[in-house]
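Down below is the structure, laid out as structure tokens.
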Amino acid sequence: MHTMNGDNFANSFPKNPLLSRNSSSSNVIQYSDEFSPDEDWLNEHAAKEHEERIRRPSVNRAWQKNSTSGGPSVSLEKREADVASLGEVMDLEEVPRGITRQARQLNEYIFPKHRFRNHLVDEGKIPLVLVACGSFSPITYLHLRMFEMATDTIQEQTNMELVAGYFSPVNDHYKKEGLAPAYHRVRMCELACERTSSWLMVDAWESLQPSYTCTARVLDHFDEEINQKRGGITLSDGTKRPCKIMLLAGGDLIASMGEPGVWSDKDLHHILGKFGCCIVERTGSDVWAFLLAHDIMFAYRGNILVIKQLIYNDISSTKVRLFIRRGMSIRYLLPNSVIQYIERYALYRDAEPVKTIFYQSPFVRMEP
């Protein structure tokens, strides 16, 4: 029976030459274009997409010009007409084949496993599950891209095999500016995963909790569902192997670990010692300088995987919300289905307190 701890994680890095994503090795997440947004918008939707693209700026700026409070002032009739137009382009409530959506009530909650890979291609490797905790208000292409960057690094630098990836949006008790209701954020994450990925899932458990839930408890929840209830991965001989569960984190989450009073030492020891963390590094920065200055993170450096961002990407949810309030285009910053959802429910139109938008950090931003 394999055990998951910092020592065997550090020993999981291979001595063999690096694997290539395009190599004959089968340790590669299989991708499908079945739910690709490009395919959704071809043929019968192409003309409507073009019409919507032309229409969008005038619609976005209409409420801005008529409002003095920063919120929408478009008439109810016009908003209903806009929603009807969007509904013709894409049915956001249509659930693609094989997809299970999350419940809105905790007593109806079921752990999502419809895309969980139940076997290892290479049984000599450690099964890995990545969990991204955050606001996702809204989810952007960078949030999705972080999982892809992690996939490359894990495949090339470790002896682990990725079997699942999860988004875990925070609940409404996490008091932060610009936080849309949890059920909206969960649904936007589901739309993003359903229509752009063949392996990512959304878990609503954290968002359904009656009070703020710390990250350490969220990771315990995944360990309970995957390893304690399911036994992990079933090998070809019928035996079970527990999955390594790691936190996939960006800038605000990790940088906050170095701020006094934000995280308890007990939680940091639990997260970094029992589970581990994948940190997405900002292009041109040195994450190890930060780890060197943090006693607890340095102590668990063998259980931390640094993911370099080879193509600079600074999309943030904060900037997306700002663009929406200013009536600017957010196309190509987040999936089309998420954009349509935001417009359908008129999200992120309310003014937010003035703050620094262009945040500088050695890490990629995960929050807000």
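Cβ coordinates come from backbone N, Cα and C, glycine included.
When the residues S85, S197, S329 are compared with Swiss-Prot, the one annotated as phosphoserine is S85. Note on S36, S168: Swiss-Prot annotates phosphoserine at S36; no matching annotation appears for the rest, which is not proof of its absence. Within the set H143, T318, K319, V320, R321 that the record links to ATP, no two Cα atoms are more than 15 Å apart, and one pair reaches that distance. Over all protein chains present, the Cβ of N313 (NAD(+) binding site) has 18 other Cβ atoms lying within 10 Å. According to DSSP, G250 (NAD(+) binding site) is assigned to coil rather than to any helix or strand. For H143 (ATP binding site), the binding-site residues whose C-alpha atoms fall inside a 10 Å radius of its own C-alpha are G250, out of S135, G250, R282.
W263 (NAD(+) binding site) and T318 (ATP binding site) have their C-alpha atoms 23 Å apart, to the nearest angstrom.
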